[in-house]
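What follows is one structure encoded as structure tokens, with my remarks underneath.
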Amino acid sequence: MLIIETLPLLRQQIRRLRMEGKRVALVPTMGNLHDGHMKLVDEAKARADVVVVSIFVNPMQFDRPEDLARYPRTLQEDCEKLNKRKVDLVFAPSVKEIYPNGTETHTYVDVPGLSTMLEGASRPGHFRGVSTIVSKLFNLVQPDIACFGEKDFQQLALIRKMVADMGFDIEIVGVPIMRAKDGLALSSRNGYLTAEQRKIAPGLYKVLSSIADKLQAGERDLDEIIAIAGQELNEKGFRSDDIQIRDADTLLEISENSKRAVILVAAWLGDARLIDNKIVELA
């Protein structure tokens, strides 16, 4: 497994792979890898000749400096996991390598609408940072496919739109959420939970599933469903942050023409902001 930290070396390797006619898959990450990331890697390996994993804690997508400062950096352990998975290339650049003149004056990519609604409304600049770094990685790695987790549902929708709008010739693969046995969606932020909070955490998925059951049973008073769910989260020990029920294909409000709904839940548990989602077919 090759570990590359600079743009010239990365470009050199990508040129070689292109000359050899290899099909390249990219898995963009911020490191602190867990089994959910490994599922992305496995999906990439099944679809390509060469797998490139990027590890970069992107300062442009953090709306709170304290979150950026405390985000776990575990490059050595991450590389050991990826080596066992037989990943071909790890791109782990420094912030200086990606943003040589800082982030304030760096050219950015913005996806109107999707970047400022829902999660974007409560995290200003977050999705602009995501679309900027992902487009830069696409430009550098020139992958045939790129794999993203469905846990970050809005992020995946944003990247699909960016790819369509910008004409990137890249297949975007959404990989289903990987869960612990008790239902908790795997996330790097789970590491912020205390042992006691970890016991409470699966309650998020239980509330999510309860909303899904109500929708499947034909209930359509969304305001009431959301209000009850928020109350249930707070009673379980969470601080409910945001609960949305949207059209899964547009992320707009549910309408009579909506065929699928996506339930998007965000809640604080101690210092961890946990997110999860579930898609429901509407009868």
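Glycine too: its Cβ is placed from the backbone N, Cα and C atoms.
Counting only residues at least six positions away in the same chain, the Cβ atoms of Val27, Thr29 sit under 8 Å from the Cβ of His37 (active site, proton donor). What Swiss-Prot lists as active site, proton donor is His37.
For 30-37, 149-152, 186-189, the entry in Swiss-Prot reads ATP binding site, with the evidence type sequence analysis.
The (R)-pantoate binding site annotation in Swiss-Prot covers Gln61, Gln155 and is backed by sequence analysis. According to its DSSP assignment, Gln61 ((R)-pantoate binding site) is helical.
Residues or ranges marked as beta-alanine binding site in Swiss-Prot: Gln61. Non-local neighbourhood of Gln61 ((R)-pantoate binding site): Gly125, His126, Phe127, Arg128, Gly129, Val130, Ile133, each in the same chain, at least six residues away, with C-beta under 8 Å from its C-beta.
Put simply, Gln155 ((R)-pantoate binding site) is 19 Å from His34 (ATP binding site) when counted between their Cα atoms. Residue environment of Met30 (ATP binding site) contains 19 other Cβ atoms, counted within 10 Å of its Cβ in all protein chains. For Lys151 (ATP binding site), the number of other Cβ atoms no farther than 10 Å from its own Cβ, over all displayed protein chains, is 20. Looking only at the binding-site residues Asn32, Gln155, Ser188, the densest Cβ neighbourhood within 10 Å occurs at Gln155. DSSP classifies His34 (ATP binding site) as coil under the three-state reduction.
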